[in-house]
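Colleague: Let me give you the structure first, and then I'll get to my questions.
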Amino acid sequence: MSTNPPDLRPDLAPKARLTQPDRPGQPTIGMVSLGCPKALVDSERILTRLRAEGYGISPDYDGADAVIVNTCGFLDSAKAESLSAIGEALNENGRVIVTGCLGAEPEYITGAHPKVLAVTGPQQYEQVLDAVHAAVPPSPDPFVDLLPATAVSLTPRHFSYLKISEGCNHKCKFCIIPDMRGRLASRPAHAVMREAEKLVDNGVRELLVISQDTSAFGVDIKHAEERGHRAHITDLARDLGSLGAWVRLHYVYPYPHVRQLIPLMADGLVLPYLDIPFQHAHPDVLRRMARPAAAAKTLDEIAAWRAICPDLTLRSTFIVGYPGETEEEFQTLLDWLDEAQLDRVGCFQYENVAGARSNALPDHVPEDVKQDRWNRFMAKSQDISEAKLAAKVAQRLEVIVDEVDADAATCRTKADAPEIDGNLFIDDGHDGLKPGDIVTVEVDEAGEYDLWGRLAPSA
């Protein structure tokens, strides 16, 4: 019943992976998980705790004694999706506990759905468990349920998100994450490594490192070193790379020390992939966002990174139609894209978020203008993507297999994160492949966002 990615319907989402089947009479809980990968990790933690306490995990509404809805509250559209999911869970099951980012506004939820059993905010794991205990008392089997359990996973067996911190110290005017999740709170590096080691030992082939600001990891704890591991993103990346799995870094801000990561990518210790939220390119727009405004220096930094690691893939997200954005400022963004030649981009039309300081800015952009700019931005980025992928035809690339069916094997290259980037499809000679395999392919064809290829002959 969990959603991964967030645009999947709950009834189409993958089932949680469990270590043992439910037993007769065991109380069961369902989970609907909305929002970003960081919220998905929260859902996994909750389910793991419940599983260890003796609860079964139901993949459908009918089999659950109660349902937890882990909400997203970042944008108005996300709030609407969360309210819809809560309503569906109430209609299908009737016993619903709400948690997550939208839970920071309990009156907003109970005003729309007064019959929910409880509302808790983000990261309030104990309160969620208390609400479950009150609604569905646990009934553990002391010989099975309370043994140390492998964590419940809502992703396929071969990749896993690894959350290294909570919260954020940035004060971007369009964002309310610090209000919902607080300031940066890094995990001890040794705790992150212990989790990563367990994941790899259990068959995970790819670790996706996530947080609100991955490059700030350890700043709040003064980069403390404990048990042989230092809380700094460069040290952590090096340590993770030693485990032998693919390591992919998400949500990295372009601080100067990020350049220390690039040699690790050039040496193959971590994947040559950076997910960096640039958001815009015009300095005046960036200042109105309360973000770093050195777009020209960013281009120089990108060039320096690529000089060290030519295979580096850069992904980013942008906002168009931000309050006050002029046509000239938007054109600067398009020109910057031409120069930066980013491999993967996402783009959002600005919308007000309750509590965000950007709401009060003057000169909001009309909806039709935002839509037009979004269309032009996506056309530009599509052209760049298509040209970059065309250059990969006839190359040999290493890929990880995500799914296999009768028609094709769906894979990803090192340049593709799950759910948000493209795929490489093998539609012939894929019968012996299975999810999690890492194989070499020859690229035969390229599209706008995806590749097609065949297994490369063994040397």
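Cβ atoms here come from the backbone N, Cα and C positions, even for glycine.
Annotation source Swiss-Prot lists region 'Disordered' at 1-28. Here Swiss-Prot flags 27-137 as domain 'MTTase N-terminal', drawing on sequence analysis. The feature [4Fe-4S] cluster 1 binding site is assigned by Swiss-Prot to CYS36, CYS72, CYS101. The domain 'Radical SAM core' annotation in Swiss-Prot covers 154-387. The [4Fe-4S] cluster 2 binding site annotation in Swiss-Prot covers CYS168, CYS172, CYS175, and the record cites sequence analysis as its basis. As annotated by Swiss-Prot, domain 'TRAM' applies to 390-457, with the evidence given as sequence analysis.
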Colleague: Determine, using Cα-Cα distances only, which of these binding-site residues is closest to CYS72 ([4Fe-4S] cluster 1 binding site): CYS168, CYS172, CYS175.
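Modeller: Closest by Cα distance to CYS72 ([4Fe-4S] cluster 1 binding site) among the binding-site residues CYS168, CYS172, CYS175: CYS175.
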Colleague: I'm trying to understand the geometry here, so how far is the Cα atom of CYS101 ([4Fe-4S] cluster 1 binding site) from the Cα atom of CYS175 ([4Fe-4S] cluster 2 binding site), in Å to the nearest whole number?
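Modeller: The Cα atom of CYS101 ([4Fe-4S] cluster 1 binding site) is 13 Å away from the Cα atom of CYS175 ([4Fe-4S] cluster 2 binding site).
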Colleague: Give me the Cα-Cα distance between CYS175 ([4Fe-4S] cluster 2 binding site) and CYS36 ([4Fe-4S] cluster 1 binding site), rounded to a whole Å.
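Modeller: CYS175 ([4Fe-4S] cluster 2 binding site) and CYS36 ([4Fe-4S] cluster 1 binding site) have their Cα atoms 14 Å apart.
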Colleague: If the [4Fe-4S] cluster 2 site is taken as the center of the Cβ atoms of CYS168, CYS172, CYS175, which further residues of that chain fall within 8 Å of it by their Cβ?
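Modeller: My list of surrounding residues reads HIS170, LYS171, PHE174, ILE176, ILE177, PRO178, GLN212.
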Colleague: Cβ distance under 8 Å to CYS168 ([4Fe-4S] cluster 2 binding site), same chain, sequence separation 6 or more: which residues?
Modeller: CYS175, ILE177, PRO178, ARG181, ARG183, LEU184, GLN212, ASP213
Colleague: Return the average pLDDT for the domain 'TRAM' (390-457) as a whole number.
Modeller: 95
Colleague: Report, in whole Å, the straight Cα-to-Cα distance of CYS36 ([4Fe-4S] cluster 1 binding site) from CYS172 ([4Fe-4S] cluster 2 binding site).
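Modeller: CYS36 ([4Fe-4S] cluster 1 binding site) has its Cα 18 Å from the Cα of CYS172 ([4Fe-4S] cluster 2 binding site).
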